Amino acid sequence: MYYAVRVNGLSCKDPAAVVSDDFFAGADKLRDEVSERYGFSALTVQIPGLNTQGQRYARVDLAPGAIFPPHYHPRAAETALVLEGSVYFGFVSSYPDNKLFSKVLHKGDVFAVPQGLMHFLYNNGTAPATLYASLSSQNPGLVLLADALFAGALPDDLLAKTLLTDKHTVDNIRANFRPS
C-alpha cells in the first residue's frame, strides 16, 4: 500500500507495509536503457527503501569501443566504481577554464565528478567494462550534450553560430540524430 504523499515524484510507502526486500536490489538484470548509437547500457537500481533519501544508483556497461557520451547531471554529483574492465573517464571544469580532468581507470578504481559538470566514459580497451554509479539525488537528471544540441529543436542558424560552422554542417550532423 502506498500513501498519497509523493516525494521526488514517487509515492511514499505506508511504513506498516515496508518489507526487507525494500532495501535490497539486484544489479545483474537486463538494462533499462540500451544505446545502440553509443554502445552503452544502463540499469537504474531501484531500492524502494531509499525513497526520499536523495540517492540514485545505476549499473553501466560499455562494450569495447563504446562510449557514454559527454553528459551532465543538473541535480547530482556522481561517483562510480569500475567493477570490470577499464575505461577512459574525464570531466571538464566550468567556463572559462574548461580544464579537462581525465584518467584511465581499471577494476577497483573510483571516480568522482562534481554536480553539473560535463563528463564522459570511453571503453578504449578490448574487454567489456562495467561500473556501479552513485548519484547524490533521487532525480539527478541526464543531459546528453550531442542529443540536446542535435536531436532537439534548436534552430539551425543558432547551432551554426554556436559551433562556428555553417548550416550545411549542422544539417549533416543532425541527420545522424534523426530516427531511422
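Backbone N, Cα and C atoms are what each Cβ position is placed from, and that goes for glycine too.
From a predicted model like this one, the values you see are computed outputs, not experimental measurements.
Straight from TrEMBL, the features:
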- 23-171: domain 'Cupin type-1' (DOMAIN)
- His71, His73, Glu78, His119: Mn(2+) binding site (BINDING)
- His73, Glu78: oxalate binding site (BINDING)
Lowest local Cβ density among His71, His73, His119, which the record lists as binding-site residues, within 10 Å: His71
Residue distribution over DSSP helix, strand and coil in the domain 'Cupin type-1' (23-171): 22 helix, 59 strand, 68 coil
Count of other CB atoms lying within 10 Å of the CB belonging to Glu78 (Mn(2+) binding site): 22
PLDDT averaged over the residues of the domain 'Cupin type-1' (23-171): 91
